[in-house]
Amino acid sequence: MSNWLVDKLIPSIMRSEVKKSSVPEGLWHKCPSCEAVLYRPELEKTLDVCPKCNHHMRIGARARIDIFLDKDGRAELGADLEPVDRLKFRDGKKYKDRLTAAQKQTGEKDALISMSGNLMGLPVVVSAFEFSFMGGSMGAIVGERFVRAANYALENRCPMICFSASGGARMQEALISLMQMAKTSAVLARLREEGIPFISVLTDPVYGGVSASLAMLGDVIVGEPKALIGFAGPRVIEQTVREKLPEGFQRSEFLLEHGAIDLIISRDELRPRLARLLAQMTGQPTPEAAKEVAAVA
């Protein structure tokens, strides 16, 4: 019996452990909607959209910009800006410690990235929220980076696109955070006065001060499929009005049906459809027409 344990069972267990440890972490991903187990490299090919149920998973700001803009001619705006704990705010934890933890987790200095570049040959400037950074909350640096992107659009007369994913204003910055709602709204008013298109893309989720300001001020407002969009969460609203709310009333499909947004576009169609839309809004040739002209020339 002892020989069998030594010669057969123990080596078998050791081989099994070696196999387990050799599987890279994060190679498989479980869809939060249909619970299908998906192979990570294949999921990346579908832009983090479940091939089984079409669930649009949350992705980071840099990943979103990377799949949206052309590869060449990119330049980040306001990358040097860093948040400062001006109020020495503390709840259960110091704000500066929360910032340090979020920066370590995401590799970003704050919750918004702005970048100039091209969309299928059309010059544009893009901002994208990083939800993993303190819930994509809007503080002074988020507001300033957004304004710098808008100013770039004004100076270069190019369209601006913003991908929102946020829980709202950053409570640790108090009034400074709330001021960003006015600041971003004011610069968008300038874009509108100058006739420069601003497209707002609402991704999952968009709430609070962001939904009450810049996210809903687009000339065209686009939602990703089944994105949660609102001001307060469903539970808070139900407790306030003391009524049961309709199923999915904060989903992008419900908002489209009731006229709160203009379009729902799947992630894999965003590049071509927004490029065509912006070409029409700016009077420039569509990417398809530009290719035809180049081919004839």
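The backbone N, Cα and C atoms fix where each Cβ goes, and this holds for glycine too.
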Stretch carrying zinc finger according to Swiss-Prot (options 31-53, 123-145, 215-237, 261-283): 31-53
Residue with minimal Cβ packing [other Cβ atoms within 10 Å] among the binding-site residues Cys31, Cys50, Cys53: Cys53
Protein Cβ atoms within 10 Å of Cys34 (Zn(2+) binding site), excluding its own: 12
